[in-house]
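Everything on this sheet refers to the single structure shown next.
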């Protein structure tokens, strides 16, 4: 420190004396004799004071340089901090942009998947319809071939069949039956059936009209979508569609199924040919491959359900499965809307909800696809 340095400089013996180049004003006013009368004490004192003043001036200079150095370092640190702040802001913007793009991509993928499922179902229904028509035509052709074989076999040279040989008939009968030489009981019936089967079905276009009350309720729900059934939109659907669709004969099990559907914890899986009921619940309550656990009726059960992670399986009939599936499809779609995964206008979303409500109504009335 400065005090220790001054003490050490005072304790050291003076080797020589500093002589100022220019005498100070005090030196000019004081006579030389005065210094000599003091016994030579004035010169060492002025030298020490000069050294102390120089040390003080050097310490002040060091402090100034140190403070200036610290100020420079502070300015540099502030500049680096500003650059880092700008970089952080740029990176945060990039992250927000990536998150937005990822969200839009996810929404588009969900929408495309939903669209592909609908198109696949439509194509499957059309293919099944064509298959049924083709099988009907095959059966009709086979019946005609059988009838022709019967006519050919019954015609012999000794007793020819006049249906196959019109030239053997009388002119009046031949003219009356001109253009139709087959057995009326077989061939005409087949031809009429073929004409009915091959006649094109009239294509009816479905007319739709938006219900103002339902659309207003859906718009209000769309502004702040929620799964709370206290809102008017979901309250109406629960009363008119979900409640009746999940109202089965076994009331206690029906309530458990409804809760599992709302919580998205219900599992439906196909039944193997040798599946045995699993769990602690009795086989009578769980139903079986020949008895529905929800309706209690003897039905061929091709599927079974599990509620949450209980491990108990309940066998259900195709009709009950169609009703549960219709309700699950509705809840899945409104969950997509709530999560912001459906990027459509309000009206297409409304009509999709109406279509899902129609499926629930049809399933409640007992209509379901044959593949179930």
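Glycine residues also receive a Cβ, built from the backbone N, Cα and C atoms like all the rest.
TrEMBL does not curate its annotations; it predicts them automatically.
Given the ranges 60-107, 108-155, 156-203, the record in TrEMBL names 156-203 as region 'Disordered'.
Feature region 'Disordered', per TrEMBL, maps to range 1-58 of the set 1-58, 233-290. With DSSP classes pooled into helix, strand and coil, the tally for the compositional bias 'Polar residues' (44-58) is 15 helix, 0 strand, 0 coil. Residue counts for the domain 'GDP/GTP exchange factor Sec2 N-terminal' (66-149) under DSSP (helix as H, G, I; strand as E, B; rest coil) come to 84 helix, 0 strand, 0 coil.
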